[in-house]
Amino acid sequence: MKLFLTLLIQQCLIGRINLSHKSIMGNQRDHPLCHTSSLLTVDPFYSYATVGFWGLVVLFGTLNNILRHLNSSSAFRSAFTTKFKGFILRYLAVPPIMKNKQMTRFSGFSSTPRLCAITISTFFLINIVLMCVDYHAFENNLYFTQKSTQLWRYIGDRAGVMAINNLPVMWLFATRNNFLLWATGWDFATFNMFHRWIARACGLEVFVHGMCVCIYQNLELGTEYFLPLWKETHWFMGVIAASSIILACLSSSSGIRNAVYDLFLIVHQGFACLILIALWYHLMVDGPDYVVFIWPCVAVWSFDRLGRILRLLIWNKVTAYSSAEYNREANVILIKARVRQVLSLSPGTYFYVYGWRSIKFWESHPFTLSGWNKVATGEESYTELIFLVNIRDGFTSRLRRQLLHHGNSESELAASSAVRKVTLSVEGPYGTSFCPWKSESAIFIIGGAGVTVATSFMQQLLDSLRSDEYLKSGIKTIKIVWAVRNVGLYQFVRERYISTWEHALASKDIELSLDIYLTSSSKLNDEISTPTEHVSQPFEPSGDTKSDLSPPSSVRSEILTKNVLCQGGSEKSGDGSLKTAFHHGRPRISDIVTGHVGALDTSGGKNLALVGCGPKAMAHDIRLAFDDVSKIPNVNVDFHLAAFGW
């Protein structure tokens, strides 16, 4: 009997049988021979803590989203829900973690909202603490020859188990068709940020796991037994999996994504496949207990791809052709994608556009919806989705060449504009919905190509003006502040969009004002001196940096005639429903928003919708502006910041 118990304890200590303290030693929970069994049993519970943490985060987001929807309805709105919503927005959801804008140049984390920063920091703290506590090494162990090797093995095993448990959540947060987007009301950029930080935690844990296991094997077995391990399949597959996770994290920096985004996507997805395959071979040596964590990743990936295919089939017609127009002065492409007739479209959403005849036909790139047209004829009915696309390297650059006679020469690129039929498909819509028209006033703070957010919201308002939905809107004043580098882009938007707004709002007693901030040096700036602030670098290029930024003659004539560039004032145009003012330099966003709220007090309106879309520095200023204006008594501010990129 004594021999049997000795053998049983030996098997427990080497991890082949997990028995609790009580099953071996009765109530003597502190017996040293049982510590290894305890560690092997506790490790999964420690790793489950990180999954439980994200469960609590998602639960909080879901409850907050439900409360937000209830508060938007007058039947459920109360003083408590209004104050709670205001507290979340003012102190947690909107303000950045750091107010120093200069830090955004060195660290993107500094512009992260406080609640997201607290969430990420707490997650990292949990992972680090759980990797460092509750280890019980002891002498005379039947499996380990030294006390130090026990610690190396315990730390390495726990770090590896925690990394594996983080994988399903990391995969889920990276997908477009994530049901948590709908449940929480958060945008994809938020989940993508969580995905990156979970990946970094996994990278840290697999690094610790690999180093600790290597040190343990070398100390416990010696060099003559350690080196042959590299020839075993499970060993070098573990090295490949760990290296792939770390390299995937390192290659996902914002600099690499912005420089070679197309290459990044291919490499990143390749690493993802390699991680799962290598982990399978690495974990199978320990049995099926840990392989089960791979299947949720495969299921999430499969569900996301199925969702993409279904969205493509629902929206697109096989025989439909889209049109694309390139304008050189604005350096943009206007895409009109013909899709099936749909019931409604939401502003601020975005679609992924596929170019099937492109060399890289598998590529899909997100573009914000700038407008739409519903067409019904005797033969067919369809919807045109309109996208205003900036020219960048890659897909948009190839599309421009395709529009300009399918060539690459400079002479072919010299044409002022080109319109062609193209074969495109769209997948969507994605993004969160927001309605600013229930407030008395709405102010849009826009940078560069982010003007598409304003155009889509204005499209929604124009549609409501033609129906009874307008009666539910309480909007009285609309202010659009647009920082634009390329004056040609302003002219293009003015001709295609702004002129339509002006005529539609004329009979509805809605005041619309535009503040155009020219943020780049051009010939216009040389002709007119201005006492306002000059800057040497704009917020965001509005297309190809090599393009001619000299404004068209019509825009220059308009600005010179109004003489508002130097004065910084405003001038009514058209029939009096639209006020346009031109400025030179960067907008002082906080002063603009605060001044606008001050004007609302005199007109009796105290509900404001603040909508923003711009580069990192501008988004940081918009968050600070909300922080300032939310401190003004008796002013309710609804906030929506659309993603400019991720």
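From the backbone N, Cα and C atoms, a Cβ is placed for every residue, glycine too.
As given in TrEMBL:
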DOMAIN    299-436  domain 'FAD-binding FR-type'
REGION    528-555  region 'Disordered'
TRANSMEM  46-67  transmembrane segment
TRANSMEM  115-138  transmembrane segment
TRANSMEM  158-176  transmembrane segment
TRANSMEM  197-219  transmembrane segment
TRANSMEM  234-251  transmembrane segment
TRANSMEM  263-284  transmembrane segment
Non-local residues, at least 6 beyond the ends, that sit with Cβ under 8 Å of the transmembrane segment (197-219): 120, 123-124, 127, 131, 146, 148-149, 152-153, 155-157, 159-160, 162-163, 166-167, 169-170, 173, 225-226, 229, 238-239, 241-242, 245-246, 248-249, 252
Candidate ranges 115-138, 158-176, 234-251, 263-284 - greatest C-beta contact count to the transmembrane segment (46-67) (under 8 angstroms): 158-176
The domain 'FAD-binding FR-type' (299-436), counted residue by residue under DSSP: helix, strand, coil: 30 helix, 57 strand, 51 coil
Intrachain residues whose Cβ lies under 8 Å of the transmembrane segment (234-251), provided they are six or more past its termini: 163, 196, 199-200, 202-203, 206-207, 209-210, 264, 267-268, 271-272, 274-275, 278-279, 281-285
Chain residues in Cβ proximity to the transmembrane segment (263-284) (below 8 Å; excluding those fewer than six residues from its ends, i.e. six or more beyond): 164, 171, 233-235, 237-238, 240-241, 244-245, 247-248, 251-252, 256-257, 290-291, 294, 297-298, 301, 363
Local confidence of the prediction over the domain 'FAD-binding FR-type' (299-436), expressed as mean pLDDT: 83
